[in-house]
Structures are given as C-alpha cells and as structure tokens.
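Have a look at this one.
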Amino acid sequence: MPDADRRDTQQKGFLNHMADKEQQLLPGRSNHAGKLPQPEKKLQEAVCVLLVELCERFTFFGIVCNMILFCTVKLGYRSYQAAIVNMCFVGTSTLTPVLVGWLAEYLVGRIKLVCICMFLHFLGTALLPVVSFPFEDVYIDRRHILHALPKREQKIVFYFALLTASLGIGGIRAIVCPLSAYSLEDCGPKELLSFFNWFHWLVNLNSAVVFVSISYIQQSVARNLGFLIPFVSGLMAMITIHMVRGEMIYKPKTDSSLLTTFGVIFSALRTCCVRYRYFSTGVATWLDHAKENHGGQYSEIQVEGTKSLARLFPLFTFQILYRTCIMQIPSGYYLQTMNSNLHFSGFVLPVAAMNVISIVPLLILVPILECINSWLFSSKNTGHSPTVYIVVGHLSAALSVMVAGFSEIHRKHFPQVEQTLSEEVLLVSSMPCFHLAPQYILLGVAEALVTPSCSLLSFWLVPEGMRGISMHFLALFNGAGCFMGAFFVQTAHAGTQGNWFPHLLHEGKLERFFFFLASLMMVNTLGFWTIAHRYNNLHQDCTNEFRGCLPGEKLLKHEKAIKHYNTVLESSPILSPMEKT
C-alpha cells in the first residue's frame, strides 16, 4: 500500500507538472520552437513581440499625426471638433486593450479574438484611404480624376474606420504584446525601471520617425496617399503575428481579474453600508467587509490583492489631469503650430514634425536617467523611489501649459500672412513655429520622467498575480485623462461661445484655456506631492502584509505560537506537576 500510494503521488505530480506546462501555451501553439535552446527561444520571442509593438505604434502614430489637419481641411470640421476627435481616438485606443483583454479571458478565447482584432485592424487601416479619395496626384487620364465620396458618407466611413482601427489596436496590445510577454516576473525594481525606460525610448524613437516621414508625405508630397502608410504598417504587423504566433500569443497567469476586483469593491461597499446602518463594524479597512468571514463573498487572498491595488488609486487619480496636459500635443499645441509660420529656409515643415521636439528630450534623458538610477539603486539608500521623478514631471507639464499660454499671446503680436497647407490657403501668424519649442521640450521632459516611473510603481507595488490588473487600471485612468481633455475642450468652447478654444486662433483667447489648465495642473502636482511618501517603501510593506494575510502564513504563525506555548508550559517552574498533566 505505501508503494502504491507513492506511485499515485508521483503520477499526480507528473500530471500536474504537464498541466502547468501546457497552460503556458495555448491550444494550437507550435511545438517546433521547443527545439530551440531556451535562451534563443526567449530572445526570439522578445524580438518578435517588440517588432509587432513597434509596427502597431507606427500605425497608431501614423493615424494621429495629421488627423486635425485632415479633419479641418478635408472634412470641414471646426478646430475644437477636430481636437476632440483626435483625443477621443487616443483615449479609445488606450481603453480597448482593457476591454479586449477581458473578452479574451472570459468570452471569446485568445486565438479567435486575436484573429478578429487583426481583421478589424486591417479593415480600419484599409478604409482610411477610402475616406481620403480622390488621390489628387493620381489621374485616370489627362482630363479626369477619381470621384470623391460625398461629405456625409465620408464622415461615416471615417468614424467607422477609426473605431475598427482602435479595436484592432487594443487587441494587438492586450493579446499579442502584454507585459507578460517580456518575462518580467523575476526582475527587481532596478531592472523594471530600466526596462520601462528603454521600452518607452524605443516607442518614442519610432514615433519620431513617423512624425517626420508620414506627416511630410501626408501634408506635402501626397497627403491622401499618406493614409496608405498606416495600412501597410498594419499589414506588416499582421504578417509578423501570423509568422510567429506560436511564440507570441500568451495566456498570462493571473490570480485575479477585473471583474473580481470590481466585485470585491462593490461587495465591500454594499456590506459596509449595511453594517454601518444596522451593526457595528470591527474590521481594519472597509475592503475587509468583502471577505467571507465578514459576511462578504470573496476569499481572503482576493480581498488582500484588491487592498494592495487600492493603495495605488490615488496615484492613478493624479495621472488623469497629467494625461490631459499631455494630450495638448495632438490638440492645442498642434493648432498653435498650424497657425504659425512653418517656412524654414524655403522649406515648409510638416505640422506634426514639431512633435519631434518633444521626443528629443526623452531620447536624451533616458540614458542619463539610467546612469542616475544605477547609482541610486546600487547605493546604500535602499528606499529610493521614483515618486520624485513623478513630482518633477508633473511640475514640468504644468510649466509647459503655462508657457503655451504666454506663447499664444506672443504669437498674436506678429502680423498675419498666408500659408498653404494641403493645398488650402490659411491665414496664420508670421511668428516662426520654433518659438513654440519650449512648451514641447517641457512636455517631453515630463514624459521621460513620469511614464516609466508610473509603470514601475503600478507593476511593482502589487502582488505578482495582480500586476496585469494594476496595469489595466493605469490604462483606464490614462484613457480617462484623454476623454477629460476632450471634455475640457468642449466645455471651454461651449461655455465661452468659442472664445477660449476658437476656430480661428487670432479671433479668440486660447491662452486663457492654457492658463486654466496650468493652474489645475499646479494644484494636481501639489496634491500628489502630499501623498508621494506613501509609495517610497511601499513594496516592502505591501509584500509583507500580503503574505502575512495568506491562510498558509496564518497557519504557520499559529503553529509557531502553539509550539512556543507548549515549550513555556514544559519549562515553567511555576506550574505544579498536577497542572502540567
């Protein structure tokens, strides 16, 4: 019997090991890659995922870079309407990975859903050239050009293309390029910060190439033909996914989900309200009401994971207004540049090329920050936290928007001249567009400091099973910042009859909108500075508290206490022999 039990135990262990191994791969995944050595396989997977990520970002920035110019010149939108459309597209592309990740986990399945998202991405990028017909530089013969779509149908196709493209972008980001694909589980805070720094460095280098090349093609050489470039880039990403899908499509290991997290919060609120109304409460925090032993519906592990995530909610909340300031680059700053003199040595600069000025500080600062981080993490100061970077970055963003307000006042002092953009003659200020460079530089510095630091805190300060959920919440709050920017533009335009966000900038007071946003951002910076100390050494406290609340850890503590009590009883000289027995 003991031999049989031992054999059964070995067989169960082997089956569990094989089941865990199969969970790492989805059904249908190719096993030929297993013939490669493990380091080469991991390198191949990382390179493929990075290439798809860069192709997807190339597509995304190619759509965004000249959307305002296209909406105002081709579709006849007002300036504030074009800015709202651009910010809503960015916000939707930020939120769709969260939605698609949930669908892949519970409803559709990852393989099927990634095929659907690739089709949607292909459809959206293919429909964008349809919106921009006719190609003015392509003739059927010497007398006729291709027929154009009516304005109404053109707008319908344009919105449908943007929606399908954003859904496809969300699927690629959530399923093909999640953070788990980069094998960050065993990395420490130093390695994680280095990864996020260089990852955002590569993404911004890619966007710099897009803003210079695609914006020039769309604006000067063949502005409508430029929409084919996002289509080609998306097609390249899909081919790459198809070729190496066996190594790129992961099923991340998670101990929780968005539904579980929201369920814990709502269950705790409901139970807390009932207990507050009818009973006295005796729990440490309000989320403890969701535990099964306090009348809730969720286990202790799920509630403790949600509690560690809830500590990051103030951090996420203060990123909303920061993201609103960042969204001024493709909205307010873009309109300022479009209404400035773009001529430089006989050459007309693309409007979106000014975005490169905001990227250059990031490309320069990342290597410098890497040296600083290496020194700080290697020093005896183990309490180093990137919250200082976030505070300085928020301050830089507030100063950028304030400088934009002064630049707008300065721009109006120059006489107006005619300038041709996309074969349309516009009346703009004669101020050189390079006078706007300081506000772009300050926002670039802010991005170099804030985005990698927030990613590190969101990823590191929660238990391993909650890291994917934490990054999803960060994406939710970033998307909320984009939509808040659109809400501010709409409210400022409607509340001031177009004075604070005018269609023609020289007829309004756009600087007042910038000053209002800068004042809000200064208050936001002070607010985050007051709570930044919570995240200085939170990773140690969070890990210890979470582990200490696990049932297994509690049992070990109780066993140690019982053993210690028995030892005291046996060695105590006070107790009589009758009391010991």
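Each residue, glycine too, has its Cβ placed from N, Cα and C.
Note that this is a predicted model, so its numbers are computed, not measured.
Feature list, courtesy of TrEMBL:
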TRANSMEM  58-77  transmembrane segment
TRANSMEM  84-104  transmembrane segment
TRANSMEM  110-135  transmembrane segment
TRANSMEM  156-176  transmembrane segment
TRANSMEM  198-217  transmembrane segment
TRANSMEM  224-244  transmembrane segment
TRANSMEM  256-273  transmembrane segment
TRANSMEM  312-335  transmembrane segment
TRANSMEM  347-366  transmembrane segment
TRANSMEM  440-461  transmembrane segment
TRANSMEM  473-493  transmembrane segment
TRANSMEM  513-532  transmembrane segment
Are the transmembrane segment (312-335) and the transmembrane segment (198-217) close, by which I mean at least 3 Cβ pairs under 8 Å that are 6+ residues apart in sequence?
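No, these stretches are not in contact.
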May I ask for the residues of the chain that lie six or more residues beyond the transmembrane segment (256-273) and have a Cβ under 8 Å from a Cβ within it?
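Contacts with the transmembrane segment (256-273): 98, 101-102, 105-106, 281, 286-290, 294-298, 302-303, 305-306, 309-310, 465-466, 469, 472.
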Six or more residues out from either end of the transmembrane segment (156-176), which same-chain residues have a Cβ under 8 Å from its Cβ atoms?
49, 52-53, 56, 59-60, 63, 75, 85, 89, 92-93, 95-101, 104, 110, 113-114, 116-125, 127-128, 130-131, 149, 230, 234, 237, 241, 248-249
Let me check one thing: do the transmembrane segment (198-217) and the transmembrane segment (84-104) come into contact, meaning three or more Cβ pairs under 8 Å with sequence separation of at least 6?
no
Counting Cβ pairs under 8 Å to the transmembrane segment (347-366), which of 58-77, 84-104, 440-461, 473-493, 513-532 comes out on top?
440-461
Apart from its near flanks, which chain residues at least 6 from the ends of the transmembrane segment (58-77) lie with a Cβ under 8 angstroms of it?
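Residues packing against the transmembrane segment (58-77) from afar: 83, 85-86, 89-90, 93, 121, 125, 128, 132, 151, 154-155, 158, 162, 165, 169, 206-207, 209-211, 214-215, 218-219, 223, 226, 229-230, 233-234, 237, 330-331, 334-335, 338, 350-352, 355, 421-422, 424.
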Under 8 Å between C-beta atoms and at least six residues away from its ends: which parts of the chain pack against the transmembrane segment (473-493)?
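Same-chain residues near the transmembrane segment (473-493) but 6 or more away: 80, 83-84, 87-88, 90-92, 94-95, 97-98, 309, 312-313, 316-317, 319-324, 326-328, 331, 454-455, 458, 500-502, 513, 516-517.
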